[in-house]
Structures are given as C-alpha cells and as structure tokens.
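Student: Got a structure here, written out as structure tokens. Questions coming.
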C-alpha cells in the first residue's frame, strides 16, 4: 500500500489473512476481447445505423478551467429541436439524442446545434418502414443502395484554435483588472433584482411625495 498523492500516511493493520484477499486484475485481457466482441455484435444488430449510436450536441465544458473546450453532450435540447423543425418524438427514431433537461444559455450554442441538426438531416439516408410504400421524407431507392454503416462518431466535434499574431500590449490592456471585473460582473448579476426593486420603490415614494 504505497502512499498515493497528498493523502494521509497510512499505518495499515492487516488481519484476516489479507494475502488471500488481494484483488487481482488478470481478467483484463479477456475483458478487452469481450468488450470488442460486444461492440461488433451491437454494430451488426443495429446496422445500417451508425455503430457509435445517435448524434450528440456540441456543449461547452463547465468551470473556468475547461470552458475553452467543446465536447459532445448528452442530447439536444427541446428548443434546438423546435428551431430545427424536428419533433422530439421523431428525433429519437432518426438517430438524434434528446435531453429535455438541457437549457440553452446562449444564442451561439443554440445556433451551432441547430446548424448541426440541419446538416445531419441533409446527410441522413432514411429507410422507409415499408419498402413497397415509401412515405414523404424517406430516401430514394438509389440513395438506399449507397447506404453504409458509419463506424466512427457521427459528425465528430473538433476544437478549433485560432492563432493570433504577436503584437504590442496596449495601455488599456495593461490597466485592465480581470479578477475585479469578473467579481463586479457577478455582483451586478446577483444584485440586479434587488436594485430594480429598490429603484421601483424609490420612484413610487417620489410620486407620493409630489402628491
């Protein structure tokens, strides 16, 4: 039991014939094979649908440490589906993940995911339930012949970094106080309702005094 990181230094008191109870990991190679076989079986079962599952939305990682990166989320919000013109019940049947709990906090995230949905919808090859009687929105017979199973993630998400050229730091940038500005912005957001209420009460008192 070697010490791990910055924890307390242990003084273990072993009893119960502990050498017979050591947890071993000799099943790892077999587990790896079993997982691979399960993935292949699932891919065969759901073919010609994408092997990696439904399309996921672009979401920004939480906290200041990671919010510069984007990754795949759980599901598209109901607002995103509404703007894209896809019904929430239909979405799940055509390989679009839905998360009714998610809320869009910015216009940029909403627009990015709506665009993602529209692009996916344009590329989608939709098989008719009855081959003899295809419905509106189903793909043509020529498109169905071209259909192949996608092995990787559906429309993979990439982090794009823009390189900036080196330049001289301006005086305004030198004097800018980032931490104080963030604190002030948070305080203004927190006290917005209280200040609005006080301003309204003060305005009402002024009206009463004038009377």
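From the backbone N, Cα and C atoms, a Cβ is placed for every residue, glycine too.
Fair warning: this is a prediction, and the values are worked out from it, not measured in the lab.
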Student: Considering the residues 106, 132, which is the one that Swiss-Prot annotates as phosphoserine?
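Tutor: Checking Swiss-Prot against 106, 132, the phosphoserine entry points to 106.
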Student: Distance check, please: Cα of residue 177 (SUMO2 cross-link) against Cα of residue 106 (phosphoserine), rounded to an integer number of angstrom.
Tutor: 25
Student: For residue 16 (N6-acetyllysine), just count the other CB atoms lying within 10 A of its CB, please.
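Tutor: Summing over all protein chains shown, residue 16 (N6-acetyllysine) has 7 other Cβ atoms within 10 Å.
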Student: Could you give the Cα-Cα distance between residue 16 (N6-acetyllysine) and residue 106 (phosphoserine), in whole Å?
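Tutor: Taking the Cα atoms only, residue 16 (N6-acetyllysine) lies 58 Å from residue 106 (phosphoserine).
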Student: Within the chain of residue 52 (phosphoserine), which residues six or more apart in sequence place their C-beta under 8 angstroms from its C-beta?
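Tutor: For residue 52 (phosphoserine), the qualifying residues are 150, 151, 152, 153, 154.
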Student: Relative to the Cα of residue 106 (phosphoserine), which of the recorded positions 77, 123, 145, 174 has the closest Cα?
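Tutor: If we rank 77, 123, 145, 174 by Cα distance to residue 106 (phosphoserine), first place goes to 77.
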